[in-house]
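Contents: one structure, followed by commentary.
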Amino acid sequence: MGQIEWAMWANEQALASGLILITGGIVATAGRFTQWYFGAYSIVAGVFVCLLEYPRGKRKKGSTMERCGQKYMTAVVKLFGPLTRNYYIRAVLHLLLSVPAGFLLATILGTACLAIASGIYLLAAVRGEQWTPIEPKPRERPQVGGTIKQPPSNPPPRPPAEARKKPSEEAAAAEGPSAGPQTNPIPVTDEIV
């Protein structure tokens, strides 16, 4: 079995926790909780986490499915270089972002999820993983003349390959000369009623 790429799981966990932080922050702010300012903080922190985590990192082995519109956010995340590429920094950042939101009941679930994502990022960093952007592959256009060797000579449906082989000259001579169209042994009459 292959090794687990923990960064992929941490990315999904952090993105979900960012959305949970935003939701809890909206509930706390709109509900005018006694410490509603922690709710406002959670909204800002959740948006920041979602923007940071939206672009997926490239996997070491296999293919990685890009999220819709990821290429625009990837360019922004790449600008920060080692601050966003290094998973140690992400682990500490997520842990620090989760602490203030933990003082409010509406945002405590987002806090717990972000702390778990921080732990998974720390595990990914210890195992030597780092964020690398998904680069679009240049598309190779197949050359029309190079892909089609010889077009088929008879239309479909075609008989199996064994039946398509042309008889050799000896077999053709054994059958005798072909004198044109074959004759039908049953007489056919054309009656119009």
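Each residue, glycine too, has its Cβ placed from N, Cα and C.
TrEMBL entries are annotated by machine, without manual review.
Because the structure is a prediction, the values reported are computed rather than measured.
Sequence annotations record features per position, and here TrEMBL assigns compositional bias 'Low complexity' to 170-181.
Residues or ranges marked as region 'Disordered' by TrEMBL: 134-193.
Residues 36, 38-50, 52-54, 90, 94, 98, 101, 104, 106-111, 113-114, 116-117, 120-121 of the same chain lie 6 or more positions beyond the ends of the transmembrane segment (12-30) yet place their CB under 8 Å from a CB of it. As annotated by TrEMBL, transmembrane segment applies to 12-30 (among others).
Under 8 Å from some Cβ of the transmembrane segment (36-54) lie the Cβ atoms of residues 11, 14-15, 17-29, 67, 70, 73, 76-77, 84, 90, 94, 97-98, 100-101, 103-104, 106-107, 110, 114, all in the same chain and six or more residues away from its ends. Taken from TrEMBL, the feature transmembrane segment covers 36-54 (among others).
According to TrEMBL, the transmembrane segment annotation covers 103-124 (among others).
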